[in-house]
Amino acid sequence: MILSDADIRRRLDEGDLAIEPLDDPELQVQPASVDLRLGREFLEFQRANISCIHPTSEREVDEYVDETYVEEGEEFVLHPGDFVLGTTKERVEIPPDLIAHVEGRSSLGRLAIVVHATAGLCDPGYQGQITLELSNLGTAPVALSPGMRISQLTFTELKSPAERPYGAERGSKYQGQTGPQASRIQGDREFGGDQ
C-alpha cells in the first residue's frame with residue numbers, strides 16, 4: 001500500500017519515519033509523497049582523458065570526481081549531457097516496514113532534468129541523506145538552486161517488516177551518508193570486498 005499524505009503525517013508524528021529538516025510540511029507533504037530539497041554539495045565528474053574507469057578501483061573513482069559546494073541563493077548550472085551527483089538537503093530514516101522510492105518532480109522533468117539514473121530505492125532501515133544522480137537530457141543549461149524542491153519520496157508499506165533492514169548487516173555501505181557519495185562498488189563481495 002502506498003502511503004497517503006495523512007499516512008505520511010501520522011508516521012512522521014509517531015516518529016518511526018523521520019525526514020529532517022522538514023521545514024515546511026504544508027508545502028512539502030504532497031497527496032502521496034514528500035518533496036525533498038536540493039542540498040549544497042555536488043560531485044562533478046571530470047572531463048579528463050581517462051580511457052576507462054574501473055569501478056572496482058576506489059582510487060580511480062575518487063580521482064574522477066571533484067567536490068563543489070554551492071551556497072543557498074546561488075546556482076549550480078547543469079549543462080546538456082552532464083551527469084553529477086547531488087544530495088537531498090533532508091536526512092531520512094526509513095522504518096523496517098516501509099520502502100521509499102525517489103522520483104523526479106514533473107516540473108523539472110519537463111525541463112529534461114532527471115534525478116536518478118538507476119538508484120531510486122531507499123531500503124527499509126536506511127538512514128542518511130539521499131544521493132541524487134542528476135542529468136540534463138535537454139539541449140539547454142538548467143540552473144539548479146540549493147533549497148529548491150528537486151525530488152519526491154513515496155512510501156510503500158511492506159506486508160511484514162524486513163527481517164534484515166538496511167544497516168543491520170553487511171551490504172549497508174551507504175548507511176548514514178552525508179552529502180553525495182561516489183560509487184563504493186569496490187566493496188561488493190564479487191569484487192573482493194566484504195559487502
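Using the three backbone atoms N, Cα and C, a Cβ is placed for every residue, glycine included.
Copied over from Swiss-Prot, here are the features:
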BINDING   ARG105, SER106, SER107, LEU108, GLY109, ARG110, ASP123, THR131, LEU132, GLU133, GLN152, TYR166, LYS173, GLN177  dCTP binding site
ACT_SITE  GLU133  active site, proton donor/acceptor
REGION    159-195  region 'Disordered'
COMPBIAS  160-172  compositional bias 'Basic and acidic residues'
COMPBIAS  174-184  compositional bias 'Polar residues'
COMPBIAS  186-195  compositional bias 'Basic and acidic residues'
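Taking Cβ-Cβ distances under 8 Å and a sequence gap of 6 or more within the same chain, the neighbours of ASP123 (dCTP binding site) are ILE94, ILE99, ALA162, PRO165, TYR166. If you take the Cα of GLN152 (dCTP binding site) and the Cα of GLU133 (active site, proton donor/acceptor), they are about 14 angstrom apart, rounded to a whole number. Recorded residues GLU133 (active site, proton donor/acceptor) and GLY109 (dCTP binding site) have their alpha carbons 14 Å apart, per Cα-Cα distance. When secondary structure is read from DSSP and collapsed to three states, SER107 (dCTP binding site) falls in the helix class. Taking all protein chains in view, 26 other C-beta atoms sit within 10 angstroms of the C-beta of LEU132 (dCTP binding site).
When each of the binding-site residues SER107, GLN152 is scored by how many other Cβ atoms sit within 10 Å of its Cβ, SER107 comes out lowest. The Cβ of ARG105 (dCTP binding site) lies under 8 Å from the Cβ of ASP35, VAL115, ARG149, ILE150, SER151, GLN152, each of these being in the same chain and 6 or more residues away along the sequence.
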